[in-house]
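K.L.:
My questions all concern the structure below.
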Amino acid sequence: MRQHSRMAVAALAAGANAASFTDVCTVSNVKAALPANGTLLGISMLPSAVTANPLYNQSAGMGSTTTYDYCNVTVAYTHTGKGDKVVIKYAFPKPSDYENRFYVAGGGGFSLSSDATGGLAYGAVGGATDAGYDAFDNSYDEVVLYGNGTINWDATYMFAYQALGEMTRIGKYITKGFYGQSSDSKVYTYYEGCSDGGREGMSQVQRWGEEYDGAITGAPAFRFAQQQVHHVFSSEVEQTLDYYPPPCELKKIVNATIAACDPLDGRTDGVVSRTDLCKLNFNLTSIIGEPYYCAAGTSTSLGFGFSNGKRSNVKRQAEGSTTSYQPAQNGTVTARGVAVAQAIYDGLHNSKGERAYLSWQIASELSDAETEYNSDTGKWELNIPSTGGEYVTKFIQLLNLDNLSDLNNVTYDTLVDWMNTGMVRYMDSLQTTLPDLTPFQSSGGKLLHYHGESDPSIPAASSVHYWQAVRSVMYGDKTEEEALEALEDWYQFYLIPGAAHCGTNSLQPGPYPENNMEIMIDWVENGNKPSRLNATVSSGTYAGETQMLCQWPKRPLWRGNSSFDCVNDEKSIDSWTYEFPAFKVPVY
């Protein structure tokens, strides 16, 4: 955080608060606050597009019941000399509620956030951008191709990182003028998002680091090529092993694994807080022969690999979802079913045995492996998740198709080739893996990075790998102790025991952090650095319990049922560490 006097900031806020809501929420005031063309290099504002309307007693943010008065503003700009048009929505708190803050919310799937009101709860101006491709109504995957073989690179770069960075830079400038603040006044700027919203947050930290004071990034979908193709991996395992397990068999394998590994962390509470100990000590073959039963019903694929937990700030979270009938399933776990599960948890390797990517932690749901019932044949068949299939068709094959029709002639080597093609093609846009965060760190930025340990969509180890890359690149000349001490001053990473994708887990009643923004604001504005992360258990025997989670690389170990220690466990940490020799270039 750049150093500013708290007294000076308070004085600025007082000045802003002195203005009336009706005085500031006008088209003329917004136009006067716009940056003059040439002020922000490459940005030319379009004053004729400005709108400003006061709104009263409006709800704001996802799931909030609190109401606010705010100024609903629309502005537009063009990239100098290009002739395009980008529309931005801003929500300005009434002056008495403004607390010198700017807030950016992430989206999810292939959608940027379309809601500008998320910052109102924090006294912050918020924004949302259409990114120049009408992102309020279109998701990026709908516009990524102009036609077969032709990539829409403008939309790609805007979705990848550019649109949010420009929205933030423009928004902070307008904010100062809107409230009558001086041009050198401080506006604390925050980002918050999960899933692709987490990736978007990392893109801002990596490429627009000097614009932000604090970023909260959950389960980032970075390493985009590997992540998206990985959604096809489970189907390829089933095809390669020629076994398509009934969904109930996989559920039994997962639930039996949870039951077996639950006590390894020192407390039996239905939560596998130490998937590393599970990986090191539990053998899936011990489940062979156990009975399973599931009643007939329908199954809904939630799209983008989401499981049945709460999610935050996702515009089209059911994108790619399908519903299918499932008959009653009754049987025992087979050796072939266990082989499928084990191969998925082991991760993708090429035909030479070289590792290409990491996978989900053992005890995570095997959502991508869910097969589809064919009522004509009475058999379970391949069900390719559109999450990964669409990425292959549109981003790799450059065909305007929503999914792969089959995996004929596809091998593990094919998946590696797809990953490599995507990594190279989108290295400077979607991949989002730059490990040198010096501009963000040196300008005082704070990064709170978290990931559900049992995430069935984006592997938790993906976040661990990136944290390790940042440590290695930025502090490779320091001892491990020195590097950890330096990192925790500005970059803190937390695994959430038992948690699923961007939310709680219906299979494991574990804790989940609920006040990350309050923690971040206190860290940035008051200098109160956290050492552990506050999280609350919302269901099960321990519902209502508050847990202070361990900061990586320390791991939790319960002492009885009431408290746990954060311990160093090198063998366990090693189980989270990966190299990817299947690729010829470093994979951060």
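Each Cβ is built from the backbone N, Cα and C atoms, and glycine gets one as well.
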K.L.:
Of the residues Gln206, Gln317, Gln329, which is given the pyrrolidone carboxylic acid tag by Swiss-Prot?
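P.N.:
Checking Swiss-Prot against Gln206, Gln317, Gln329, the pyrrolidone carboxylic acid entry points to Gln317.
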K.L.:
Disulfide partner of Cys194 per Swiss-Prot: which of Cys502, Cys550, Cys566?
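P.N.:
So the cysteine that Swiss-Prot bonds to Cys194 would be Cys502.
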K.L.:
Which candidate, Cys278, Cys294, does Swiss-Prot give as the disulfide partner of Cys261?
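P.N.:
That record, Swiss-Prot, gives the partner as Cys278.
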K.L.:
Between Asp455 (active site, charge relay system) and Asp269 (Ca(2+) binding site), how many Å separate their Cα atoms?
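P.N.:
Approximately 18 Å lies between the Cα of Asp455 (active site, charge relay system) and that of Asp269 (Ca(2+) binding site).
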K.L.:
Could you tell me the C-alpha distance between Asp265 (Ca(2+) binding site) and His501 (active site, charge relay system) in angstrom, no decimals?
P.N.:
21
K.L.:
Please report how many Å separate the Cα atom of Val271 (Ca(2+) binding site) from that of His501 (active site, charge relay system), as a whole number.
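P.N.:
Cα-Cα, rounded: 15 Å.
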K.L.:
Where His501 (active site, charge relay system) and Asp269 (Ca(2+) binding site) are concerned, what is their Cα separation in Å, rounded?
P.N.:
20
K.L.:
Note the Cβ centroid of Asp262, Asp265, Asp269, Val271, the recorded Ca(2+) site, then list each other residue of that chain whose Cβ lies within 8 Å of it, in sequence.
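P.N.:
These residues sit around the Ca(2+) site: Pro263, Arg267, Thr268, Gly270, Val272, Ser273, Pro497, Gly498, Gln508, Gly510, Trp558.
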K.L.:
How many other Cβ atoms sit within 10 Å of the Cβ of Asp269 (Ca(2+) binding site)?
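P.N.:
I count 22 other Cβ atoms within 10 Å of it.
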K.L.:
Where does Asp265 (Ca(2+) binding site) sit in the DSSP three-state scheme?
P.N.:
helix
